[in-house]
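Enquirer: I am attaching a structure below and will ask some questions about it afterwards.
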Amino acid sequence: MTTPPSSPLSDPRRTEGVHPTHTDLDRLDPLALVQVFTDDQRAAVEAVRAAVPALARAVEAALPRLERGGRLVYVGAGTSGRLAVLDATELTPTFSWPPERAVPLIAGGERAIRQAVEGAEDDAEAGAADVRAAGTGPQDVLIALAASGTTPYVLGAVRAARALGALTIGLANNPGTPLLAAAECPILLDTGPEVISGSTRLKAGTAQKIALNTLSSALMVRLGKVYGNLMVDVKVSNAKLETRALRLTCHATGASEAEARAALAQAGGRVKTALVMLRLGLSAPEAEVRLQAAGGHARVALGEG
């Protein structure tokens, strides 16, 4: 009997395929297993490399909205949702990005971060409702992730966000999927079949993580969150970061440890402010005014263009 095209037995998604090279996986010893899994991760890097033009277009499209005070709204389910939460959460300590401007939405809510919530990803209306409840609007940028490219929760969120005027960026690991068609900025991460068939927490997830790192980091750089390649907007919240702030300030200004400590104390721990203070001989309030006039860009505040 012929299997109809709609049958799950004929799933066309590459991430659901059986990898022909690893059919004896359960017979391998630990060393061989580790080699197989690590070698396969290289496909994730290559998939992201192939997506560089699409990632760059997404950065260019997102920047104007974020410069006007818009938010990053992340949407995903399962592994993709957890990666979305991770990227959104790390923007504040790394770049002092306001937490209210990084909004992660995961199918099933916060409980889904730690455990699977059955059926949550199949609810398109829940995705749309979550986007509306987050107050998504024309200034915002929605980043949607789904390895399959077909997750109803994510598709519902993207369609709702577009209707509300938000910019939509869609990352999927299968070509020709609804998510890539629905998003204004589609990004294909074509990783192919997994070593363990269908386990997209493997290289599909790795590719998504690399792409998210790239996308959000590039945005933060263009928004003035670094000076050179120095993390001058780091949010000092523990001893390790306090030491990092001191080291960065000394490196960027040539100041002594004592001078850098004093400037950081006056600047409330803000490296960027201390940098401008020490380089231009300004007080903390004067440095803050200069930075505000420069749109938060240290290089512009220093008159370096």
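Keep in mind that glycine also has a Cβ here, set from the backbone N, Cα and C atoms.
From Swiss-Prot, here are the annotated features:
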REGION    1-24  region 'Disordered'
COMPBIAS  11-24  compositional bias 'Basic and acidic residues'
DOMAIN    62-225  domain 'SIS'
ACT_SITE  Glu90  active site, proton donor
ACT_SITE  Glu121  active site
Enquirer: Would you say which of the active-site residues Glu90, Glu121 has the most Cβ atoms within 10 Å of its own Cβ?
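Expert: Most Cβ neighbours within 10 Å: Glu121.
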Enquirer: At the level of the C-alpha atoms, what whole-angstrom distance separates Glu90 (active site, proton donor) and Glu121 (active site)?
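Expert: On Cα coordinates alone, these residues lie 24 Å apart.
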Enquirer: Take the compositional bias 'Basic and acidic residues' (11-24) and count its residues per DSSP category (helix H/G/I, strand E/B, coil), listing them in that order.
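Expert: Residue counts for the compositional bias 'Basic and acidic residues' (11-24) by secondary structure: 6 helix, 0 strand, 8 coil.
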Enquirer: Over the domain 'SIS' (62-225), what does the predicted model average in pLDDT?
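Expert: Summing pLDDT over the domain 'SIS' (62-225) and dividing by its length gives 97.
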